[in-house]
Amino acid sequence: MARQVSLEMTRNIGIMAHIDAGKTTTTERILYYTGVSHKIGEVHDGAATMDWMEQEQERGITITSAATTCNWRDHRINIIDTPGHVDFTIEVERSLRVLDGAVAVFCSVGGVEPQSETVWRQADKYRVPRIAFINKMDRVGADFFRGIAMIKDRLKANPVPLQIPIGSEENYKGLVDLIEMKGIVFNDESMGATFDTIEIPADLLEQAQEYREALIEEVSSHDDVLMEKYLGGEEISNAELKAAIRQATLDIKICPVICGSAFKNKGVQHLLDAVLDYMPAPTDIPAIQGVDANTDAPIERHASDSEPFAALGFKIMTDPFVGQLCFFRVYSGVIQSGSYVYNATKGKRERIGRILKMHANKREEIKEVYAGDIAAAVGLKYTTTGDTLCAEDHAVILESIEFPEPVISIAIEPKTKADQEKLGLSLGKLASEDPSFRVKTDEETGQTIISGMGELHLEIIVDRLFREFKVEANVGKPQVAYRETITKKVKAEGKFVRQSGGRGQFGHVWLEVEPQEAGKGYEFVDAIKGGVVPREYIPAVDKGIKEALDNGVMAGFPVVDIKVTLVDGSYHEVDSSEMAFKIAGSMGFKEGCQKASPIILEPIMSVEVVVPEEYMGDVIGDLNSRRGRIMGMEGRAGAQVVASMVPLAQMFGYSTDLRSATQGRATYSMTFDHYEPVPKSVAEEIVAKVKG
């Protein structure tokens, strides 16, 4: 089967935006116009084709980015729908990694919303060219020009309108195309599928000319040939103008802006045209960088069928019908179904059983995939998100996707004994789909602890356990791992004597217990002189102390950073035993800890908040109220970055509180930094709670 669509006629794009800007609806309309779905799915009635997990249809938000293929004007467009919620930024991050261009959807009423800032920063990081689509032009309060001003001010981008609207709110009829200088009016009867080209309405003519002039001026400032023509007063043809807009967009010098109302089916066809005209083909983007899997030498892979096969797995999904699917983007070469590939990241050979082209939730089986395309493979056993698949004789590791560390943990336990085994398996499956979700067993409590990117993230995981795997689970409150240590050097005695007829028990030790610097751990020193404690019993003393370390004297937390020296003791010829000295060691250690002013230590997190100027005071006040210490502030791209140290115990519920305090415009990252002593009043509370 030869290649059906040339590389130059392929587009891999993402649709990104704030929660309610109308992303999924826009994607739905694109699928409708490109002839893929015959009935338009409305998000409002929970039937959108892109939102195919049950939770998404209920909540009306998009969680998983389904990759969909459609055709327009003989081109092939692969669309990745991405979620707009802070807790799912991992999904956005992983989809931006594999697409070439993006359509940023903005609501004409809300303009640039908080999440748009986060997503925009992520797109800047991966240098993704963008087109802005100002949606919902028919809503009350719609303002196209304010939307453009906000893109400039808040996102520090360079928006260049290619259209201006004809009317707005309920009078929104169509648009003026500034390149062709024609008016376009949509027919309501045909659901906007047909439109008439008209002369520009007289009242808009002057404004249209101004904007066209501004468009030519901006574009020619990035193109020397056009600049000469423009300054020389020569006519610039539409084809030249389009080519220059395309180049400036690919270089991320400008962001073309168009308008419409996806829900009312207006402007979607022009959005598709703009994607073909101004978004990059796989051949327009730089070759992908990687390293040779054997020698670590840098390698490039160009978008070409003749180069060795290389692809990046960017999403694992469990499909109810075919099992585990791995979505992958082919950067170079060709792969057939049934063939073997090499997973260079894991060093394993894999067989691709079947290859599917996904359309939202319908699937078409294909025999092979070419460079520049996106498809899903069935049958990969070891591959997880971010792994490189390649030809075994040309093994390469492509730059992987960076995943943030989870910031919130809760204990989870099955409701019934029968669910116990299923819980482990199901959590394992979910963790392979989502690298920002981790599962571990707490050695101290034996509980299963799950960690993720936020409270909503974990809520949805627990929800999926029930829906997809039929496992019912109870979740606990978020937990903090406290520790204990001592603050002064003391000498303590441990004596274990039992005489009650027959053979007794006798063990007696003197210990010096002292604090060590943080991170040193436990150290045992044998300083016995003259055999007052026989050689063979000394390891038993050490063992007894080690066992006592697990349960501190204040609240039963593990004891850390402590040095114990065995200085003296005595023994009994008949009654002494290893057992007796082990108990004596443990008793002496506990006695010593009681006397050595013990304290509780808590984990301190390094918290960085990126916040717009106007919310700065609120954010700092809130961090202070959480016992936080502000370490510094700096300006960064129109926002302030506040660095602080905050106890983990005070950070629960923070993502929700921060979101409401800043209308979701602030983002934060949190990593473990060190342990430090808990203030006395807090320590008393912790002890009271444990002893409860």
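Using the three backbone atoms N, Cα and C, a Cβ is placed for every residue, glycine included.
These features come from Swiss-Prot:
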| type | residues | note |
| --- | --- | --- |
| BINDING | 17-24, 81-85, 135-138 | GTP binding site |
| DOMAIN | 8-283 | domain 'tr-type G' |
Worksheet item: Counting across all protein chains shown, how many other Cβ atoms sit within 10 Å of the Cβ of MET137 (GTP binding site)?
Response: 29
Practice prompt. Give the number of CB atoms, excluding that of ALA17 (GTP binding site) itself, located within 10 Å of its CB.
Written response: 28
Worksheet, complete the sentence: The predicted model's mean pLDDT over the domain 'tr-type G' (8-283) is 80
